[in-house]
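Please read the structure below before turning to the comments.
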Amino acid sequence: MGSSQSTSEEVRELVGKTGFSSDQIEQLHRRFKQLSGNQLTIRNLRKAPTGLADEINFEDFLTIMSYFRPIETNMDEEQLEHCRKEKLRFLFHMYDSDSDGRITLEEYRNVVEELLSGNPHIEKESARSIADGAMMEAASVCVGQMQPDQVYEGITFDDFLKIWQGIDIETKMHVRFLNMETIALCH
């Protein structure tokens with residue numbers, strides 16, 4: 001964010017794009033600077049063949065973080081449902097690595113293995129078994145009783161919505177903005 005006049009214009013534009021307040025944007029900007037070491041971008045250290053940016057700038061960071069924006073207390077049911085679907089669509093796209101509109105068993109395995117790779121007590125085969133079991137559960141929720149020769153080709157977005165039905169994603173998938181005075185007391 002540049003000079004004070006252009007900064008206020010940038011912040012107003014970012015408020016409109018992301019739904020964050022200007023104070024929240026300032027807090028996220030401070031956090032971005034910490035993560036980036038005061039650089040203009042954050043490097044992506046994750047290695048994958050396609051679909052990943054090498055680095056993201058502050059606006060990209062804010063766009064991603066906007067999916068985790070706290071729910072506003074004055075939202076009506078329709079707005080809440082829209083917010084829920086957008087959060088779930090974001091999650092769906094994290095799993096659907098080839099962007100074909102379907103989470104395959106292989107894609108799901110890759111995500112589970114990556115999430116569990118930091119745990120030295122879980123071997124790759126265990127992670128694979130966890131993913132396979134979860135995919136079987138997804139198939140039973142989405143398709144019901146499958147025939148022995150029937151192949152489950154993967155989770156569509158509609159299936160994904162069914163799986164997450166009844167789970168309070170709105171309050172679980174959000175960033176909390178702590179009062180800066182509270183943070184000072186913690187140090």
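Each residue, glycine too, has its Cβ placed from N, Cα and C.
As given in TrEMBL:
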- 83-118: domain 'EF-hand' (DOMAIN)
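Across the domain 'EF-hand' (83-118), the DSSP tally of helix, strand and coil residues reads 25 helix, 1 strand, 10 coil. Summed and averaged per residue, pLDDT over the domain 'EF-hand' (83-118) gives 89.
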